[in-house]
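Engineer: Take a look at what TrEMBL says about it:
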SIGNAL    1-21  signal peptide
DOMAIN    241-355  domain 'OmpA-like'
REGION    325-350  region 'Disordered'
COMPBIAS  341-350  compositional bias 'Basic and acidic residues'
Amino acid sequence: MMRLSTLVLSLLLAASLTACKRDRTESQDVAKEVTAANQPVETPVASAPDAPAAAPASNVVKPFDLASVPVTTKALPPFPYVAMPADLKPADMRTDSNSDFDSVYVLAGEELRRVEGKLMSREFMLSDLQWSVLAAHRNYEAALKALGATRVDAIHPMNEKFIERNGGRYQAIYDKMKLPYIGASTDENTPGFEQWLLRTPQTNIWFSFRVDGGEVGIMTLEEKAMQQQVQALPAAQLSSALKKDGHVAVYLNFDTDSQVIRQDSLAVIDEVVKLMQSEPGLKLRVEGHTDATGDATHNRKLSLARAESVVKAVTALQIAANRMSAAGKGPDQPLADNATEEGKAKNRRVELVRV
């Protein structure tokens, strides 16, 4: 009997302890839920955007160092320094540009550089000599090295990154470099374009060489300052010459192969305006003249366009348009021998003719 009572008591005690334990666990769980409910809710925060990546090193253009190119001490031939191939017929050579003073962009390292001076550009067809692209490249490479020139281009002008750095338009590159096209490189032995620099103790001489499957082109630019040639005759002297001879030559500077009057020649326009204002009854024919360089038909058209530019410039300053007309004579009425640079300069003129 005593043993049974003890067993019952033990069972009751175990049940009581189990209940207490369950109550304590439930209380703890409730406490956890209440605590969690009272905590502030964390709002997701977007991560900050990554900082812009630094420009790749390839977009950083190192300025070209002229001093890195050695100065030649060799005796040099006359301008344009590089001859056309000996077997090329004169009729097969084309001269696109020939100016005592002009500007062009050259490729120095990986940068475009504007240079000014005496300019000549010549072309011929590979088929005229039965040359390959490689033969043209090797011939001119040897000739330029013989002068002491150094190749200085470090990127092809039609490289996408180069075009992007210089405005994004390949045609603008053509125009700045005064090239009708720039040949693609077929391989490392036959680059489509090469820029060479010949430094002398007096100046820098740049050579732009291009070649593709059809044509070879070589441009020479010898850096030099412009020689001021335009002297504006006062209106009184223009009037005296017209009364005496019926015509008078005036010299204006135009952009190369263009009818655009340069700023340094606007003083001449001002004197013509003064002349027309001082003589209200005066009527003039403005005649454009060129030297004999290049195609005569083209030069006649160019001389007319330049004469028309003079008429427009004068009549824009309140001179009646019916008092002036324009004519283009091209190379047909030279004043001097076109065999010399001095003669050519004298022939490139505008004449005012009393009507």
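Glycine is treated like the rest: Cβ placed from N, Cα and C.
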Engineer: Take the domain 'OmpA-like' (241-355) and average the pLDDT across it for me.
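Structural biologist: PLDDT averaged over the stretch: 93.
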Engineer: With DSSP helix as H/G/I and strand as E/B, how many residues of the region 'Disordered' (325-350) fall in helix, strand and coil?
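Structural biologist: For that range the per-state counts are 7 helix, 8 strand, 11 coil.
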